[in-house]
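What TrEMBL records for 426-507 is domain 'Carrier'. Sequence annotations record features per position, and here TrEMBL assigns transmembrane segment to 522-543, 555-573, 598-619, 631-651, 705-722, 729-748, 754-775.
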Amino acid sequence: MSQTIETVGALFDLRRHGHRLAVVTPDGIELSYHDLADRVSEVVDELGPDRRLLHVTARNDLDSLVTYLAGLQGGHVVLLAADDSLRSVYDPEKVHDLHPDLALLLSTSGSTGSPKLVRLSAANLRANATSIAQYLDIRDTDRASATLPMHYCYGLSVINSNLLSGAGLLLSDKSVVDKGFWDMFERYGGTSLHGVPYTFELLDELGFDRMDLPSLRYITQAGGRLAPADVHRYARLGEQRGWRFFVMYGQTEATARMAYLPPELAADNPAAVGVPVPGGSFDIAEDGELIYRGPNVMLGYAEKPADLALGRTVDALPTGDIGRCTAAGLYEIVGRKNRFAKMFGLRIDLPNIEQLLAGNGFQAVCADSDDCLVIAVLHEDVERAREIVHARTGLPPSSICVVRVERFPRLANGKMDYQAIRRMAPDRPAGERTVRQAFARVLGRREIADDASFVSLGGDSLSYVRMSIELERVLGRVPVGWHMMPVAQLERLRPRRSARAMVETDIVLRAIAITLIVGTHIGLFTIMGGAHLLLVIAGWSFARFGLSHARPSGAILRSATRIAVPSMVWLTYRMFVSDNVTPANVFLVNNYLDTGTWAYWFIEVLVQILLFFAIVFAIPGVAKFERRHRFGFAFTGLCAAVGVLVLLESTGVTPEWGLSTHGVLWFFMLGWMAQRATTGARKCVVLGVCLLLVPDFLGHPLREIVVMGGVLALMVVPRLVVPKPLVRLVGLLAGASLYIYLTHYAVYLSLLPYLPPLPVVAITLAIGVVAWRVAEWVRCGWRRSHAYTALET
């Protein structure tokens, strides 16, 4: 017992915080830490020295808080509960054999789906509170709202971490829609808010985005997955208002927290649960289950009073969640291992649904299929079964599929065949089925989670074109911001059919630019500027996708690799069959060594730019600075690029500026800056830069029109109307632009002596498209073969 008392006493040494404000009660009573310590000491004396089980029916009031703290300080085992229902099993009046390390018991549905008690030690409490205080940067000047139930591990963790740090607690049993809550929050300068997904629904109804809360420092979210779109929205709102938004992931078995999503990464990675809390770590088992280890992992479960005498029976915590670690180093949850279904923000315990129906005279077996709960019943009254489940779960009746069967399907070993039950769900509309198939096909993945988005799945500018066109074919019109939307949300969109389609402007411009390059080189027409326009589009796409990862450096390097590897393979072949391709071309440095053909300068420049920025964003703090100053960072980069160009050209020792990286980097930066120009004023700045720089550097009216027209279209016209028959052609040309550029010299030089320019252009473009599709087939096949468990990007 002495070890437990010493550990807990060190955790909540209330007197060391002196006369700082510790608690404000719902009825307005203010207590300093010294006052709170006095009250706790009084209750410790009342409890006496004999260690026992202390049942606390916890509410968000001073008495519950004091009793909880006194139980810990006195070395007792505290059972925090919402009501008295556990007294019949864990009778506090009886003498129990209590393990010396046991300090706290909390109820949870656990990883098995049945109610249990989680056994926690004082060391668990200390580790959890310390790590939370560290990553939230809790200060002794903070005032935390404490509205979540104290018997709930999330609510308790708010209390523990703030008391550990000497911060003040604003105890309240009021909802965030209650005026009294905000009166208290503003009166005492509340600095933090804490909520579950439903809390944020209430905040939205309240008009939280219009509220002025100057003292607010951060908001935390846990207790279930918040939709990625909402994570993105609140993260951006926090950036605008000066507070931080923490998404957190945890379980009672980990004394609350296992992971958190750093606020600066939340907007660009809204589907992630983040990184392990300080002191913790994750492993991914062979079956994909996420395993957590850390000093906050529980001692074990208690299912009966005798289990209170047990010591540690758990070292690693199987979370029951199927997870993966993205290339950015962030963890994502992609499914559940056991028989739970997560639908419409609800956690549905399938065995409990079966028991519910059994109690109403139904023999039933449940399975989940996408956004549909499938229930097989040996009963004719399927409508009544649907009504029962709807009443208990709140699921929409349209998402409850009850199927009458003569017998339940079983596997050869006699176990229930849940896959067969899933297949009983009625076919969903073709558009919904194809959305997920399109994601799997384009990104080379076996499994696509409901809340996954194009960005969270590792999509980049190279796969964006194909993905956009695929969705256009499925849905008729792709919504704005689709690349950040969850797959399930896209599936729910109703297909819109029309003779015309809206295609994103950068895709159309990419197709036009590569056609201009090929047509000009072949001599069908002379309209220059296509390559420079492609550089602008590359900068636009880089800002949109390359910087949307937790660790941009790695994502940028992967993009550079996707360009460099096929280019080097092709150029190696060309070196052996032609006289003007040299090792300098193969290694993509001829634009500075000048020993081979200059035909591939665009590829060389683009790869060099990406490698340069991979290095830049590997420098600690750069990515964070860019996220805070998006437009300013791009504008500064453009100014620096122009400055370097002017400086180097004045020396006269570098290659022709138009084919060197330092000479055309500013086109890339111009596209980057255009993508970050989110206001009218910033767009005017970009246009001013165009008018100032483009004519001076290009010196050719038609080329200037191509580039400046492209920049203007990107900023002003996000989508262009394209006749339906041309959508696929536009998508193919845009998606294959890299391969068309790589192969077009070899193709047209072989054909031009025998055919007129027009068919040569058509054949050249077609061969580039074929090369692209073959390369994509190889890449996706390789990725699928190395991603059987769907755990790595």
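Keep in mind that glycine also has a Cβ here, set from the backbone N, Cα and C atoms.
What you are looking at is a predicted structure, and each value in this text was computed from that prediction instead of being measured.
Residues 514-515, 518-519, 522-524, 566, 732-733, 735-736, 738-744, 747-748 of the same chain lie 6 or more positions beyond the ends of the transmembrane segment (754-775) yet place their CB under 8 Å from a CB of it. With a cut-off of 8 Å between Cβ atoms, the residues of this chain six or more beyond the transmembrane segment (705-722) that come close are 480, 500-506, 508-509, 513, 516, 527-530, 532-533, 536-537, 540, 667, 670-671, 674-675, 677, 683, 686-687, 690-691, 694, 698, 730. Same-chain residues lying 6 or more positions outside the transmembrane segment (598-619) and placing a CB less than 8 Å from one of its CB atoms are 531, 534-535, 538, 542, 546-547, 552-554, 556-557, 559-560, 563-564, 567, 571, 585, 588-591, 626, 659-661, 664-665, 668, 738, 741-742, 745. The transmembrane segment (555-573) shares the most Cβ pairs under 8 Å with 729-748, out of the stretches 522-543, 631-651, 729-748.
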